[in-house]
Amino acid sequence: MKPKKKSLSKSKLIAPIIVIAVLFLVIGIGTSYFRKSLYTVMKVPDFQLTDQNGQMISNKDMLGKVYLVEFFYSHCPTICPVMNSNMKYIMTEINRPDFGIVSISIDPTHDTPEVLKNHARMIGATSQNWHFVSGDRDYIGNLADQFDIYVGDKEDQSESLNHSGMIALVDQDGNLRCRFDENNMPVLYYSGLNYDDPEGTKTSLRGKYHPDREKLIEDIKKLLQ
């Protein structure tokens with residue numbers, strides 16, 4: 001009978017080890033799932049704005065495409081050139097007819113369709129799927145609020161207009177999507193800025209690191225699969 005007791009004792013020791021191993025496996029699979037999947041934030045707010053060619057562009061027109069949304073203005077002296085440069089890089093890297101960009105001007109008084117067309121030409125934005133759009137200032141302010149992307153209230157030509165450097169990722173069905181961070185929390189938006197460090201903690205207009213640009217390219221490709 002002694003050998004049986006010894007065997008029973010071993011099984012009692014092994015059982016918790018198996019449970020712990022399975023638990024770690026489940027946690028690992030769950031973490032892997034979060035990091036590989038994209039979170040659905042919300043439906044993209046309805047919008048209808050005029051692009052650089054004088055054509056009306058709406059969220060309904062963009063259905064069937066994966067696209068990015070940014071808020072900018074053409075004569076911005078600081079972050080907008082950086083954002084546009086990163087957008088251009090992404091557009092070149094993806095280079096597909098089912099991918100687009102909607103760049104929404106927060107200074108429609110200045111940024112007429114003609115001005116936006118010249119701006120697109122100046123920065124080399126040649127894709128017909130890159131829409132530089134403008135409209136009523138209050139409408140755009142409300143739209144930014146619905147996106148939950150910061151845009152300043154005042155339209156002051158004497159100073160730089162305040163706005164966020166964040167970019168929204170939208171899928172083919174009109175859903176805002178994002179990845180999960182290292183703590184399995186949705187990031188909601190992506191930075192269009194440059195950084196002095198690869199981790200993306202020190203913003204710099206001349207920074208050589210673009211961590212979120214690479215993340216966006218990766219996540220756009222996931223949605224286009």
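Using N, Cα and C of the backbone, Cβ positions are placed for all residues, glycine too.
Automatic prediction, not curation, is the source of TrEMBL annotations.
From the candidate list H163, H210, the residue TrEMBL records in the Cu cation site shared with C76, C80 is H163.
Comparing the disulfide-bonded residues C76, C80 on other C-beta atoms within 10 angstroms of each C-beta gives the minimum for C76. Within the model, the domain 'Thioredoxin' (38-175) carries an average pLDDT of 93. The distance from the Cα of H163 (Cu cation binding site) to the Cα of C80 (disulfide bond) comes to 9 Å.
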